[in-house]
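Below is one structure, written out as structure tokens; comments come after it.
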Amino acid sequence: MMSLNSSSVVKSSISGVSWTQSQSVRLSVRRPMVVAMVNSNGRPERSVGVSVDGAVKDVNAPVAVEVADSESKKPTAVVGGGVEDVYGEDSATEDHFITPWSVSVASGYSLLRDPHHNKGLAFTEKERDAHYLRGLLPPVVVNHDLQVKKMMHNIRQYEVPLQRYQAMMDLQERNERLFYKLLIENIEELLPIVYTPTVGEACQKYGTIFKNPQGLYISLKDKGKVLEILKNWPQKKIQVIVVTDGERILGLGDLGCQGMGIPVGKLSLYTALGGIRPSACLPITIDVGTNNEKMLNDEFYIGLRQRRASGKEYAELMNEFMSAVKQNYGEKVLIQFEDFANHNAFDLLEKYRTTHLVFNDDIQGTASVVLAGLISALKLVGGSLADHKFLFLGAGEAGTGIAELIALEISKQTNAPLEETRKKIWLVDSKGLIVRSRLDSLQHFKKPWAHDHEPVNKFLDAVKAIKPTVLIGSSGAGQTFTKEVVEAMSSFNEKPIILALSNPTSQSECTAEQAYTWSEGRTIFASGSPFAPVEYNGKVYVSGQSNNAYIFPGFGLGLIISGAIRVHDEMLLAASEALAEQVTQEHFDNGLIYPPFTNIRKISAHIAAKVAAKAYELGLASRLPQPENLVAYAESCMYSPKYRNYR
């Protein structure tokens, strides 16, 4: 084997292979495969040996992040959202060189099919010669920005959102860095494509459009082998797992194994919006069957063809999964439960919140983003949270989670007992207003919201009886905020706050146009899915989107950069307050209670800083010492999709 340099010799006799390098190399042995080493002429040399996890770095390249404040402490965490930057991808600038040795690069043909390192037509002339790419690409060399421009042009040619979704997923499988650069720079246009509402349709048709597997699938057939399956995943330094069992996908119900589109979409946002490196993210679907007859009878369905398991069988598989994750990835891996049905969502969160770093976005993430919107809305309507009365349509994960966080915030502001602050919040479920006379028949998570009141069966009657100042929909039932409901809200509120949170768009309690029209332009409105601006009486109203994507990427980043070992409710309150602080007077003047997504990475950095600060304050952070400038530190830890130069 030819050496890179005659100085600073590093040798290995593993599998009969030896090499030399002029600079430090990180080494780890994997199974034998064909790799390419660089000879003295600068060209890769084909050889059969072991894969080398290493990068020839600039000797001056920083290993740890130093925040902007020159007076601040130097944190011990390496860059990239707290994940070791083995290849120098985040600490390197475009002028530094990296060597893509994590996979086989014995041929240029293979390199072009590796989404983690492929640059397409952006490979330079030198790289084409060095990595056997000459002739495998057209002669033109284009830059990253032109590639983004071309891809956006191509995507906009599709009129059907699902086709745009498929184009984005194809790009992710082909060129990871181009995918994330495209998404980051066009987030407002592409967010509804890679996530709600389009991802819902993608999950419904996942078996039909399925091409390449993404993430891990763990089924009942794998009981006793979960740890082995986790070890099959090629990336070993996982920091965030998003897991679903597919039972309650958005407002679409039980989609079984085809719910995988949700973890995949969520984790793409962890990277694009929160800066967590893609290699540190792992989407997982737990397949315990489905009760959806349409799926079971679909010849293209990709999951187990059996009725959904429950009880002991379900609990044992989930317990094995949680134990295996902790054993394989350690104490500080974040496990986000996603789209579990109510009965499992609450039980899993309660069971594992004291033993694992767990987060339920449907319960906690939704609550945090809604609370942020309410804090912002108070600047438009006046008063404090304690001055308002809240009525929810929907008493599931989202509804009760939001209600509890509102009650916690009021308790924090007023020093009143939580039992008292809950009395300002009323919930309606499928059987009507939740009152004390129904206590014996209520599910355990609804019981704290059973107040003294006569039974009310119809939602409109509940609105008229309670006379709330804030109306929140989390029912998953479309068109339930009727004209009569909105008019009733407008009759006893000068500026009624109406939040129609259910996803996707078809399940929204009302549209933006309906809310503004029926309230005669007086409502403060936000929704879970995006709506176009509305013109009413010569004025244009731009509604806000109460999207969990405001919260969970920054929240996760905050947990990682602090090395948090548990999630505490005060961290959720801190995230809400941080998001509300990002709404400016200009946004208020336009009727917005959430900031635009165009600046989402800076918003996420501020949220991460607040969450990390709270983790340090509560003694739940393990990454020491604490950086003095947490915002700058969070920004410096974020993954960049810029191309790296290859030797």
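Cβ coordinates come from backbone N, Cα and C, glycine included.
The model shown is predicted, which means the values in this text are computed figures rather than measured ones.
Take the NAD(+) site that Swiss-Prot assigns to ASP362, ASN503: the candidate from ARG248, ARG277, ARG601, ARG623 listed for it is ARG248. Restricting the recorded positions ARG248, LYS266, ASP362, ASN503 to those with a CA within 10 Å of the CA of GLU338 (divalent metal cation binding site) leaves ARG248, LYS266, ASP362, listed by sequence position.
In terms of C-alpha distance, the listed recorded positions TYR195, LEU391, GLU397, ALA403, ILE406 place GLU397 closest to ARG248 (NAD(+) binding site). Here TYR195 (active site, proton donor) comes close to GLY265, LYS266, SER268, LEU269, ALA549: these same-chain residues lie at least six apart in sequence, with C-beta atoms under 8 angstroms from its C-beta.
For the pair GLU397 (NADP(+) binding site) and ASP362 (NAD(+) binding site), the C-alpha distance works out to 6 angstrom. Around ASP362 (NAD(+) binding site), a 10 Å sphere centred on its CB holds 23 further CB atoms from the protein chains shown. Note on proximity: among LEU391, THR400, ILE406, the binding-site residues of the record, the Cα nearest ASP362 (NAD(+) binding site) is that of THR400. Residues ILE249, LEU250, GLY251, ASP339, GLU397, ALA398, GLY476 surround the recorded NAD(+) site, their Cβ atoms falling within 8 Å of the Cβ centroid of ARG248, ASP362, ASN503, which are themselves excluded. Sequence-ordered, the extra residues of this chain that approach the divalent metal cation site, with Cβ no more than 8 Å from the Cβ center of GLU338, ASP339, ASP362, are THR244, ARG248, ILE249, ILE262, PHE337, PHE340, ALA345, ASN360, ASP361, GLU397.
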